[in-house]
């Protein structure tokens, strides 16, 4: 290059390196301008993704607005050049050969210095109004799988490519070059689609410092690793504004010129779908990440509670004895008492069972209370009382259970003068007891203490089993099996398990318990027969004057039915089969509750809808009972005696944490816990009600065709 020739700073920096296609294009435009006939204008229109319009004046001035970056030139494709006046064919051929020569030299690693005809004088820059024209992706590749890319000189940006202002010479020659669309050909360094650079990441000086071949090699290596083809593989590029999918945009319609910065985009190093793939990858990573711990509120559980089978139902204790206010005494036994209490925070009422640790150790009943807690915590049945809280202090154990307003079923029977109920009503209560016993047997527990005193009446009138201190868990139980399709064999859960404990109420004891030969789950079906008999006739079948006579009657005498009350044959047959002295032949000893349900006595019972049926008796609060505010006022000023001081101590002690209890403590396995699930059906305290004696209202819609007592619900005693 001669000394008279002007060289820009970027050209000096690029000495010895390959020239990019934008520089070649700019140099050829200058050469084209120098060879233009005097007095003629050449308009160059570059239509691509980032296109602009360059006006070449007769004075060989190329005015470009690049916003301070002379190297930010548009990508010269699609490219088409025409003249507005007649040119000689030799000049056009010379320009064409010069352009192809420089384009072929740009693929090498070095650029030989070439001379350009004419003297370039640096003129002041002027703003070029450019317009962003969207290139159409509508095109039909030819047989050579190439896309024709042309640059069209026009007088107006938005004019049709085929229109040429002024007269066009017939010997004007169309200059075109082809850009490959085959993905396999993208490795060619001379491909113009790989030479464009992104002006956002490049400066004037760094544009020529990037090695083109290294970037192309890295790009194709990434493509081969990812197994993805070039984003331009199936696209056809066209410079026609008519075919543009955005030809109806406001900018094109109104032809408003805009001053924009031409952007150089390196398609090889930054494919069109890179940003989209990055977003999809981020979304995929976000989906794979686990939820944060702050989104999940896990209830606290002690180490011992987490090892229990019912650990998921409960959490660490949330109450203490001071959280409850005593209302009245519901009952008492040899080792504890049951109180009606009100929780201060929620205003809900519960039945709180308080057990004395010293008395339990003295009477060797530690294992019983542990079994009772396990059964209550494990059970989830509508006919078994619900345990809400259990905790212990230094001297007491506490079981906070659901309060059954109807009290003991035995008391409901005692409100009748005849002390009995009709057969249809007895069938209803017996059905619910069978469902509860079946559930316990499926869990592997034997109840062993079924009697009217341990059956409570819910506020809805349905029965609920309680007092599981005499229950036992069968060891080595098996899984239940299906027999006769719809019937479940529940006896198999405790098959082979026998115990020699002499427990239960003497009038309800089974013959095998009295003999001491050991007993199985069949003892519960014996007690069911005694219960049905007592509901129908008001007494037990083998009651004697003393315990020895009662045991003798159980072992030797058969069941007899009074003649003053009529019962169905199916009812008598059921009682006889349940009170069979031979355990192996007793009804329910083979298939458990399935044998009981198949009996004709329960033929019309809808076992799946027991909870939805109307109970015979509905407990109601009696207006003649003691008022609750008076009871509370008495509790605020108790009498100073040993009993009141002991009760006061029960509600003032501090709860012991599970992990703080020594393993040598006999009550180490008694868990302090609260039910996790909130129950919104719990009775709430109200000053408008009295929590004294209970009346049992009859449901008159129930059929009682076989009952000899026509005035069944007319002789109810108003008080307990």
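Note that Cβ sites are derived from N, Cα and C of the backbone, with glycine treated the same way.
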**Prompt:** Which of the listed positions, 104, 203, 547, does Swiss-Prot note as phosphoserine?
**Reply:** 203
**Request:** State the residue range annotated as region 'Disordered' by Swiss-Prot; the candidates are 174-201, 230-257, 258-285.
**Result:** 230-257
**Request:** Looking only at C-alpha atoms, tell me how far residue 334 (ATP binding site) is from residue 449 (active site, proton acceptor), rounded to the nearest Å.
**Result:** 16
**Fill in**
Across all protein chains shown, the recorded positions 334, 449 give the max Cβ-within-10 Å count at 449
**Prompt:** Rounded to the nearest angstrom, how far is the Cα of residue 332 (ATP binding site) from the Cα of residue 449 (active site, proton acceptor)?
**Reply:** 17
**Prompt:** Tell me which residues of the chain lie with their Cβ under 8 angstroms from that of residue 336 (ATP binding site), as long as they are six or more apart in sequence?
**Reply:** 353, 354, 355, 356, 359, 397
**Request:** Specify all same-chain residues, apart from the site residues 330, 331, 332, 333, 334, 335, 336, 337, 338, 353, whose Cβ lies within 8 angstroms of the center of the Cβ atoms of the ATP site, ordered by sequence.
**Result:** 354, 355
**Message:** Could you tell me the mean pLDDT the prediction assigns to the domain 'Protein kinase' (324-602)?
**Reply:** 89
**Message:** Need the DSSP three-state call for residue 449 (active site, proton acceptor) to compare against my parser.
**Reply:** coil
